Amino acid sequence: MRTTGLIATLALLWGSGFFWIALALDGFTPVQITFARLALGALVLVPIVLWRRLPRPAGRTMWLHLTVSALVGNAIPYTLFAVAEQTVPSSLAGVINATTPLWTLLLAVATRSDSRLTSRRAAGVALGFVGVLVVFEPWNGVAGGTATGLFACIGAAASYGIAYIYQARFLTNRGLSPLTLTAAQLLIAAALLALALPFSGALHSPGPLAIVAVLILGIIGTGVALIINFQLIATEGATAASVVTYLVPAVALLLGVLVLSEPASLALPIGGVLILTGVAITRARSRPARPSP
């Protein structure tokens, strides 16, 4: 029961992230939203690392790897999703985000970080990208701004995939806890976004709702959500945590359509189901062959 509660809570926090971004865009630019999200998330995690006296990153090489990981795992995808939601619904962004495991698999095979692309995995990837095509609805025509938003979503999902592979190769098994690594990444990513703030546009007196949206996105949707994710992995394992992948798009879709009144044709849920089915196929383990009688 406790595991189910953690999974449901994490899915709600991460799935609602796209909803909060949509509200925050009413008063902030994408870069401003991402900076605040990263800084507030770090404000939650860093004190915990210090209080628990966890080992800290040391050495130029480690900090370089953390910087690369912060760029492709936080700064770029967070910003791209915020940019995308200027022209596409938050529900669509949430569904496209579910393609991250597909990109991770393809990139892992391309960089030889994982085993070969089996026929089963290839079928799953193909089905997933058919789902993306259905979500795009190219047969109805796609406006320029919408196309930019769609490709920004894909770029964000692919960036997450690059980050997972990079982290597995250069940051895991280095004697540092995931909490420490994540806190450091959020700090670095916030610093990188701070450099871009002067070029992101002026702050246009955001209203109370936009301010609350940013606060929730950063403190709860990023900082607290990551703590719950660590807790779930520590107590139940990565397999249980991966279940969240299948729930996040549903949360994003429901909030976008029911609360924000975003337009949604049947293509969006159908495409989402195809994407998640493709992801499930790529993750399914082959059954060992039975010995001959």
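Note: Cβ is positioned from N, Cα and C throughout, glycine not excepted.
Lifted from TrEMBL, the feature list:
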type: DOMAIN; residues: 6-136; note: domain 'EamA'
type: TRANSMEM; residues: 34-51; note: transmembrane segment
type: TRANSMEM; residues: 63-84; note: transmembrane segment
type: TRANSMEM; residues: 90-110; note: transmembrane segment
type: TRANSMEM; residues: 122-139; note: transmembrane segment
type: TRANSMEM; residues: 145-166; note: transmembrane segment
type: DOMAIN; residues: 148-282; note: domain 'EamA'
type: TRANSMEM; residues: 178-197; note: transmembrane segment
type: TRANSMEM; residues: 209-228; note: transmembrane segment
type: TRANSMEM; residues: 240-260; note: transmembrane segment
type: TRANSMEM; residues: 266-284; note: transmembrane segment
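Sequence-remote contacts of a segment are chain residues at least 6 beyond its ends whose Cβ falls under 8 Å from one of its Cβ atoms, and for the transmembrane segment (209-228) they are 6, 9-10, 13-14, 16-17, 20-21, 23-28, 33, 36-45, 48, 179, 182, 186. Note on the transmembrane segment (240-260): residues 3, 7-8, 10-12, 14-19, 22, 89-95, 97-98, 100-101, 229, 232-233, 268-269, 272, 275-276, 279-280, 283 of its chain, located 6 or more positions outside it, place their CB under 8 angstroms from a CB of the stretch. Only sequence-distant pairs (6 or more apart) were considered; of these, fewer than three Cβ pairs between the transmembrane segment (63-84) and the transmembrane segment (122-139) are under 8 A, so the stretches are not in contact. Two recorded stretches are said to be in contact when at least 3 C-beta pairs lie under 8 angstroms, sequence spacing 6 or more; the transmembrane segment (34-51) and the transmembrane segment (178-197) meet this definition. Against the transmembrane segment (145-166), stretch 90-110 shows more Cβ pairs under 8 Å than any other of 90-110, 122-139, 178-197. The list of residues near the transmembrane segment (178-197) in space but at least 6 beyond its ends in sequence, with Cβ under 8 angstroms from a Cβ of it, reads 31-32, 34-35, 38-39, 41-42, 45-46, 48-49, 52, 54-57, 66-67, 69-71, 73-75, 78-79, 167, 171, 222, 226-227, 230, 233.
Secondary structure of the domain 'EamA' (148-282), assigned with DSSP and counted as helix (H, G, I), strand (E, B) and coil, comes to 111 helix, 0 strand, 24 coil. Mapped onto DSSP classes, the domain 'EamA' (6-136) shows 102 helix, 0 strand, 29 coil.
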